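Novice: Sending over a structure as structure tokens; questions will come in a sec.
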Amino acid sequence: MPTESPYDGRARLLAIALIAWLEFLQNGLLNFASSQVMGGIGAGPEEFSLAAMAYALFAILALFNHQWCVERFGSRRHLQASLLLFGLGALIAGGAGSHHAFIIGRAVQGLGGAAFFTAARLEVAQLPPDKRGLGLVAFGQALLLGSALGPLLGGWLLQAYGWRALCWGMLPFLPPAWWAAGRLPLRPPAPRPAHYPSAAFVLLLATAFLLQWLIQQTPYQLFAHQAWLLAAAAAALACYFAFLAQHRRHASDRRRWRLLRRPGYRMGLLGYSCCYLLVSANSYILPTLAVQALGFDLPTSGLLLSVSFLAGMLFALGYAKLLLRGMAPTLRQTLLASCVLLTAYGWLMSGVNGEATLGRLAAILLLNGGFMSLFIMAVAQGTFRAIAPAAFGRAYQTKNIVRQVSISAGVALAGVFMQARNALHYNRLAERFSWDAQQFQDALRLLREQLPHLSDNQRLGVLAGELARQTALMSCLDFFRLEMWIALVLAGCLIALRASD
């Protein structure tokens, strides 16, 4: 077997990185600019979360059929077709004139973009054993870099070209990714590809749709249409168990899926779900805090929000170095340390006020970066260390399905949380926004002294803007308090598990 030259090894690592970061860059761009995108397509938080649901739904379908497509068309053709679909979805979403067209564009992007993460990670698993550690570092750094560049580029693109550039701006990155797909080893179609019954595919489609619909609609319809929600939940469970029955009886590769029935793997999926849900919700809330509540301009906000992911790159490099030297702490210690970082992050962010400086916010966001990297790396170690090589591809497909569901749920739940808290705080603050309130009279008198050139109607507009700003700030602080308590619960669960060992 010929030895891989140093140049070929570096080119292969670069190819893995160029494939892996695409989906994270696009999602980072759109999460950063969710308010601007909603305004551009005439949508509210519910419609925007529907777009996230559509992306996740079609990504789940693509992920379930990832191995099937690779075995029939070959890895390179499958990846190149996915790039074309992703580019087509970016064109549709960027040209959308309504939320319906935007949802269609995101669905097409999900169909193509789901392959990137899984294909890049499986490529790392195919590296020679002495290069696999370096491949994992390159893969992880590419994901964090894509997430960091999302808000960084998003602020500049929004100010210079508008929200459509957030989708169309992905197109220049596709030719390098096409080159990268050509650099990866060519794996031809399998002589005997796996076979899945068509009924199982239809049942999976129904299960994924009902699950995503429940995640998106439950917060809005919980009190108004409980019967409909219960019926949808029952239908989702029925479809899921019917899918399992079909798959176990008729799928040609069902023995490989059985290798995933391990408690450690299932606990790992739960850990992944918690992390991705928190990270996606946090990425939705932070732009609201920076732009609407604290009043930073878009480029400054993008630079600020990229700090977490840039810090995550440093934490990941440090942890990888400890692993290579055999000096890393145990998985439970690493997870507890990450929960402490998240607790400190939530506590400090919940104390932010309207006078917060960029330096203070950036320092606090370093803690969030540490949580993301340490938690996800520890969970990854614990989840896949006992998985047999023959089942690794399917294990990673399943993990990425959980990722898509969790990210969609994070966006939907964060949107609903902000709507509920905004309504509560706005109503409470509005009680003092009347001519009978002494605070209102004092504020108006102060504005007359500071802005004598404005009319009283214009001064009322200034006060109304301040009311909206305070509402957004208080809602964001509520979210960070909730995040702090979630971190404490996670830490408590880890301690309880240790005590039961």
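Note: Cβ is positioned from N, Cα and C throughout, glycine not excepted.
Pasting the relevant annotations from TrEMBL:
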type     : residues : note
TRANSMEM : 12-33    : transmembrane segment
DOMAIN   : 12-501   : domain 'Major facilitator superfamily (MFS) profile'
TRANSMEM : 48-66    : transmembrane segment
TRANSMEM : 78-97    : transmembrane segment
TRANSMEM : 134-157  : transmembrane segment
TRANSMEM : 194-215  : transmembrane segment
TRANSMEM : 227-246  : transmembrane segment
TRANSMEM : 267-286  : transmembrane segment
TRANSMEM : 298-319  : transmembrane segment
TRANSMEM : 331-349  : transmembrane segment
TRANSMEM : 361-380  : transmembrane segment
TRANSMEM : 479-497  : transmembrane segment
Novice: In the predicted model, what is the mean pLDDT computed over the domain 'Major facilitator superfamily (MFS) profile' (12-501)?
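Specialist: The average pLDDT of the model in the domain 'Major facilitator superfamily (MFS) profile' (12-501) works out to 83.
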Novice: Is it true that the transmembrane segment (134-157) and the transmembrane segment (298-319) have 3 or more Cβ pairs under 8 Å, skipping pairs fewer than 6 apart in sequence?
Specialist: yes
Novice: Where else in the chain does the transmembrane segment (361-380) make close Cβ contacts, counting only residues six or more beyond its ends and a cut-off under 8 Å?
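Specialist: Cβ under 8 Å, 6 or more out: 140, 144, 268, 271-272, 275, 279, 282, 290, 294, 304-305, 307-316, 319-320, 331, 334-335, 337-339, 341-342, 344-345, 348-349, 352, 487.
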